[in-house]
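Taken straight from TrEMBL:
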| type | residues | note |
| --- | --- | --- |
| TRANSMEM | B:18-37 | transmembrane segment |
| TRANSMEM | B:49-72 | transmembrane segment |
| TRANSMEM | B:78-97 | transmembrane segment |
| TRANSMEM | B:104-122 | transmembrane segment |
| TRANSMEM | B:134-163 | transmembrane segment |
| TRANSMEM | B:175-192 | transmembrane segment |
| TRANSMEM | B:219-250 | transmembrane segment |
| TRANSMEM | B:262-282 | transmembrane segment |
| TRANSMEM | B:288-306 | transmembrane segment |
Amino acid sequence: MTPHHDNTADTPAIELADVAFGYTATPVVEDISLAVSPGEYIGVVGPNGSGKSTLMKLMLGLLRPDRGRARLFGVPAHQFDTGSRIGYVAQHASASKEMPITVREVVKMGRFPHVGFGQLSADDWAVVDEALDTVGMSAFADRRVTELSGGQRQRAFIARALAGEAELLVFDEPTVGVDIESVAAFYDLLDVLHDDGITVVLIEHDLGAVTEHAERVICLNRELHFDGPTAEFVDSDALARAFGTTTAVLGDD
Amino acid sequence: MTDVIVQPAVIEPLLGPLYWLLGVWSQLMTGVARATGLEVLQYGFMHRAILVGLCIGVMAPLIGTFLVHRQLALIGDALAHTGFAGVAIGLFLNAVFEFGISPYLTAVIVAMVAALLIEVISETTDAYNDVSMAIVLSTGFALGTTLISINAGGLAVGVNQFLFGNLSTVSTDSAAILLVLFTIIIGVVGVTRNQLLYVTFDETAAAVSGLSVNWYNRIMVMLTAMVVVGAMQIMGVILVAAMLVVPVAGASQVARSFNESLLVSVVLAEIAVVLGIAVSYYGEATAGGVIVLLAVGVYVLAVLAGKLQTALTGTETPEMGAISPNSDPTTTDD
């Protein structure tokens with residue numbers, strides 16, 4: 001199935017204009033304006049509690065901004081329902097922890113936006129198995145998800161996002177719990193996806209990974225401290241300002 | 001006066017084919033009775049009870065699977081008690097205004113409204129919680145008992161069948177209503193199975209994938225209301241929720257995949273229902289209680305089978321492959 005192209009190439013994949021949001025009266029993020037063009041690879045960094053995950057939820061329409069507007073592919077984010085265009089991997093998988101369900105059944109869900117009320121075709125299943133293969137989980141296809149380690153679960157969820165064949169992939173600290181060698185392989189995979197023209201938004205606490213792979217960095221601590229090319233970010237003092245310290249050293253993790 | 005329940009004229013033509021179906025089923029059972037000589041199959045009321053029981057054995061664990069894995073096991077109980085309020089309202093209306101409505105119809109309506117209320121409240125407060133569930137449950141039951149006591153005259157007599165269920169009082173009308181509910185439930189789950197699975201397993205990812213999580217939750221609770229009212233005839237208000245939970249809990253002990261767990265929970269429920277109806281008939285016990293006890297027995301066996309399964313298969317883990325960007329997952333041929 002090919003992605004829809006019902007709007008022009010210069011419509012931003014993600015657009016936030018003057019966005020502010022707070023779970024209580026205190027804003028978690030404010031004064032956020034940014035646009036992500038199709039095909040970009042963006043890393044979002046910031047200290048713990050800087051509002052990274054909240055920003056991601058605003059981008060995806062899971063939260064509605066208190067002020068300003070959030071758009072996905074030109075549509076107000078909370079109304080956007082073409083799920084086949086977005087893939088998403090959460091930090092701590094929100095998924096049920098006890099349900100009897102196999103890895104393949106989880107990855108299958110990536111195809112649901114494409115099949116709607118219908119059944120998966122042989123082609124859909126081929127995409128599912130390919131995604132399983134890509135994350136090296138083919139041997140675990142018929143295992144119960146509850147039997148997996150944290151890293152294996154995370155791989156299954158990455159496979160689900162891949163199986164969706166989305167134009168925009170959003171990762172919220174996707175490598176938490178994944179072993180070190182696999183982390184490197186995972187970032188290589190993101191590079192390949194990006195080379196194929198997929199828009200990648202990566203929220204990461206590992207600054208080294210972001211500066212090594214992303215083209216553009218967004219540095220956040222309640223408000224934007226930096227938004228620009230990775231090279232400029234490395235040379236700037238944005239990090240120190242965002243983290244509120246002058247001792248932060250890039251790549252030291 | 002509750003013995004003769006006349007359907008309003010509107011519903012009559014709708015139920016026509018179902019009465020025919022019930023007739024065919026009854027003939028079939030009579031045939032089986034002649035062939036096997038089983039006394040339990042000789043009576044018309046048992047034919048209807050068995051059919052209703054078989055339907056319960058499918059729809060209760062089917063819906064229960066989606067509820068249990070969302071930690072919503074208790075919602076069935078809460079809705080059954082509001083269903084009891086619905087029964088009381090139906091009996092009250094019949095007594096005061098001589099409406100002649102089947103109390104199961106009013107029960108379906110009241111339970112579905114309550115289900116929607118619980119869901120909408122949970123959407124605005126962002127959490128299902130024990131407290132709101134307990135309040136709905138007691139309100140429903142309190143309303144039911146109050147309405148019944150006001151009209152104590154002829155009504156209290158018929159209440160036991162709703163509280164505890166009864167094989168012999170499954171009328172043709174209530175069996176027909178159950179068949180309608182059964183068809184709706186199976187149809188809706190059949191069409192929305194992908195969406196219900198996604199929302200059940202991972203609500204956030206389901207929302208990102210474009211599903212209206214709130215709507216699927218509303219559909220789910222309304223289906224639950226239909227199941228509990230449908231199953232109430234045999235199981236009774238107090239025990240009906242067990243059929244949503246116990247077979248599902250048993251199935252998750254032995255099943256590996258979701259599809260397998262659906263199938264196993266239905267099989268476990270049917271075993272409990274069929275054996276339960278037979279035991280309660282020959283042992284002259286209340287069917288609801290016997291069925292639940294058998295279901296719990298089957299659950300214990302499933303737990304043991306699950307332990308045995310784990311012990312036998314051992315803990316060997318397959319080799320995990322590398323994350324290999326080379327096999328490009330984004331290329332498709334269509």
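Glycine too: its Cβ is placed from the backbone N, Cα and C atoms.
Any TrEMBL annotation is an automated prediction that lacks curation.
The highest tally of CB pairs under 8 A with the transmembrane segment (B:219-250), across B:18-37, B:49-72, B:78-97, B:175-192, B:262-282, is held by B:49-72.
Same-chain neighbours of the transmembrane segment (B:49-72): 22, 25, 29, 41, 128, 167-168, 170, 174-175, 178-179, 181-182, 185-186, 189, 196-197, 200-201, 220, 223-224, 227, 230-231, 233-235, 240, 243-245, 247-249, 251-252, 258, 261-262, 265-266, 268-270, 272-274, 276-277, 287, 291, counting only residues six or more beyond its ends whose CB sits under 8 Å from a CB of the stretch.
Pairs of Cβ atoms less than 8 Å apart link the transmembrane segment (B:175-192) most often to B:18-37, out of B:18-37, B:262-282, B:288-306.
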